[in-house]
Every structure is written in C-alpha cells, then in structure tokens.
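Asks: Starting off with a structure, shown below.
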C-alpha cells in the first residue's frame, strides 16, 4: 500500500453533486442515489448512471439506472415496494416503546438475540428458541449497545471500526477542554455512548449528544431525541422531516453556540459526497443566524493518505498527528510501530495549537509549526515544517525539493522519489483528462465541474466499471431473470 497512498490514478468514473441532482435522483433502500459519469480526456464518455450512495459493491445494493432511462409506472411502484421491504421492521417510536417495556422487566427476563441482533420481550422468546441468546442483560449493558451489537464490517458501505477506549477518552477530553457542550456524532457510536454515560453520572460540565448513523439497530436503545437513522453519503434522514427537525433543533440550541460535529466515516467511502453532506449539516446549524460568518466546527477521522482530497473540499482544514485506533481492527491499533501504526488521523478546522496531544504517548509541541506532532515527526528546516504523515521520520530529497518516506529513493529515470523496486518509465504519469504531462488529474485546469462550480470527485471503483462491461452470452439469461425479479 505504501507505493499507492495518495495516488491520483483512477478508472475515470466521477460523481456529480448538487442539490438539484440529489433531489431528482431515484431512490434505493439507502435513500437518494448518486449520479455518476465516465470521463476521459476531459469529456464525458457514454451515458450517466445512478447507483447507490452507500454501497460501492453491487452485491450489497444492486441498484443501477441510466439517467436517461424511461422508467414505467409499474417499475416505479415495484421499486418503491422493494425499498419499503428493505427498511427496518419497526419505526423508531415502536423500538422506543419496546425498549421501555424491556427495561421494566426483571433481570432474569431481559434477553438479547445475538443472531438477530434484537432485544427480546417474553412474547418473542419462542420464535428465537433455536438462536444464540444472551440472558440477564443489565441496565449498564443497555447503556453500551456497541458492545452488544456485532459491528458491521463492510468497509465500502457501513464499516463499524469502533474507537478504542484510548481514542474515545482523548476525544472526550478534547471536547471538554475546548468548551463544546453539544456533539453531533456522525457515525461515532462509541463517543455517543461515552458522552451519555458521563451525563448519567452527573459529570460537569454537562454535554449533550445526538447520534446520526446508518445502523438502524441503535433505534432499539435510544430515544428519538438521541438517535437518527442517517446516511452520511447522501444526507438522507430515513425518519423523514421529523428526524431532520430533531437534528436541526439539536444544532440550533443556544443559537448554535457550543456545537461540534465529530465524524468517523467508512474508510472506503468517497470523500466528496461525505463533504457535501457535512456542508449541509453546517447549513442546518447556520439556519438560525445566516449572517454568522463562522462555521460548525468539525473533527473528521480518516486515513492520512486522503489528506489532499479532504483539503480540496475543506481548504481550511488541518491534519493532526494524533493516531486514532480501533478495538475491532486488526491493524489500526495503538502501540504498533513503523507502517503498522494506525493511518487514521483527525482533520479539523479548529486551531491545531489548541488541540493538546498527550505527551505520555510521545507527542510534543513544535513551536515553529505551532502544533503538536508525534515523536517520529522531525521538523525539516528546508521545508520549514514537520513533514511526516505516517509517524516515521521522513527524509528530505534535494532533487524533489520535498521530504519523502524513508523507504523511498530518488529515481533519475522517473525524476522523482519512489520505492526502489518501482517500475520505471513515464507510463501512468501526467493527467488522464487532458493528456498533459505537467500535472495530475486533480490539478487539471480543464477539470469538469458540477452545476454549482464544485469539483466532481473521481470514484475509485472497479466494481461499477466492471458492471458496465459487456457480459458473456451465457450470463444473459441470468441477467434478464434478475432484472425481472429486482425492480
């Protein structure tokens, strides 16, 4: 992965984003779909198409529609019915009612089905008799649902790599130190739990939290004012206007003062749709005071090799050196060394010198850069900054005039630094949009833009590209059969 991190290589699929496009998009079970197009040499090639916003693999969501398709009323009705059948079996209000009834049961009657991931009332016991069932569910366990629920681990859609206690505590301490009193937790259930546990203990200062997450299972444990079923890739509230108003009311309390957005999206997700949704959440926060020039602050957890993409969406963001670690990820854990360290960092528009990283973990303050850096991040006097991205000491290359990874060497044939065993030559270099050799696609002056002048994100996705290729004749009958069964 070291040779590919931060690469501009792509397969020519881009996503077009604007409110008008999303409002007009057909819906799949995950809400409005996104509009994609294949681009080559700066021009659109072929037809635009709609695909699921949350699932990049069509095995997870098979929705596909050409933009110019004429969809019959019968097919629209079948699609609507299909989407409804793939929604949670109960409304949030019904889940809340079940939760109240569950908490009133004696300890011996509180059961949880591990197979179905569901709290069981006595009337449900018989239908789950052959399943793996946990008994004696305590009230303290109900306050930590992320430890009861199995994490969803599809990294391209709804991956749940849950914060380790170390990182969760650091975030909590930072929130308190910076004076925030309301936290919008977008895809961060562990942090939401910690904030609520702290509130139950009567800790001061009091902090409130609202969880937005695509995992509807949390509806079983939280009131409607504490959780909203939400897709962060298309800004879709599954609970409709009522859920949207819950979020807006939360953000606008005390005229929006003391609010913070903390998010931890799936690492396989597209950056620009995420940024588009976060900007819309900012707009919800700003509604009460449109004249306010400030923005809702954001802490965004994402791998460091997406830095350039995030900065293109949020130029005022800074990447912190803090390494975020997770309980249920084999590699993203604290204490590992070299390239085994977690690549997940915090991107934020908050002043980096105000976010104090723990000295006990080796972080120190660089007075020149005016931010905290990890022990391996040495200040380069030539670059005039602490240049390391991955925690290892980087070295300065005078020919490239920048710092590079310690394992890289300068290649005179390619005229840049790379891994020693890299393939030499000019293949793959330059811009695939216009063919220019002096820049990459992301810096192309002929870049295609959306209706609002925003840069369109390139979709690094082989699955969609593969799905557009012609299939062998032997598979044609199966495809037609699937098309009849799946609206």
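Using N, Cα and C of the backbone, Cβ positions are placed for all residues, glycine too.
Remember, it's a predicted structure, so these values are computed and weren't measured experimentally.
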Asks: Based on Swiss-Prot, name the residue from 374, 403 that is recorded for the same Zn(2+) 4 site as 380, 383, 396.
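Replies: Checking 374, 403 against Swiss-Prot: the Zn(2+) 4 site match is 403.
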Asks: From 411-428, 429-446, which range did Swiss-Prot mark with zinc finger?
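Replies: Going through 411-428, 429-446 one by one, Swiss-Prot flags 429-446 as zinc finger.
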Asks: Looking at the ranges 323-343, 344-364, which is given as region 'Regulatory loop' in Swiss-Prot?
Replies: 323-343
Asks: Determine which residues of the same chain, besides 380, 383, 396, 403, have their CB within 8 A of the center of the CB atoms at the recorded Zn(2+) 4 site, and list them by sequence.
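Replies: Neighbours within 8 Å of the Cβ centroid, excluding 380, 383, 396, 403: 381, 382, 385, 387, 394, 395, 402.
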Asks: Count up the helix, strand and coil residues in the zinc finger (28-70) according to DSSP, in that order.
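Replies: With helix first, then strand, then coil, the zinc finger (28-70) has 0 helix, 22 strand, 21 coil.
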Asks: Give the sequence-ordered set of same-chain residues, not counting 366, 369, 379, 386, with Cβ within 8 Å of the centre of the Cβ atoms defining the Zn(2+) 3 site.
Replies: 368, 371, 373, 377, 378, 385
Asks: Quick one: pull the CA-CA distance for residue 380 (Zn(2+) 4 binding site) versus residue 386 (Zn(2+) 3 binding site), whole Å only.
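Replies: The separation of the Cα atoms works out to 6 Å.
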Asks: Of these binding-site residues, 383, 386, which scores lowest on Cβ atoms within 10 Å?
Replies: 383
Asks: Using the Cβ center of 397, 400, 410, 417 as the Zn(2+) 5 site position, which other residues in that chain lie within 8 Å, going by their Cβ?
Replies: 398, 399, 402, 404, 408, 409, 411, 416
Asks: Do you know offhand how many angstrom separate residue 386 (Zn(2+) 3 binding site) and residue 403 (Zn(2+) 4 binding site) by C-alpha?
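Replies: The Cα atom of residue 386 (Zn(2+) 3 binding site) is 9 Å away from the Cα atom of residue 403 (Zn(2+) 4 binding site).
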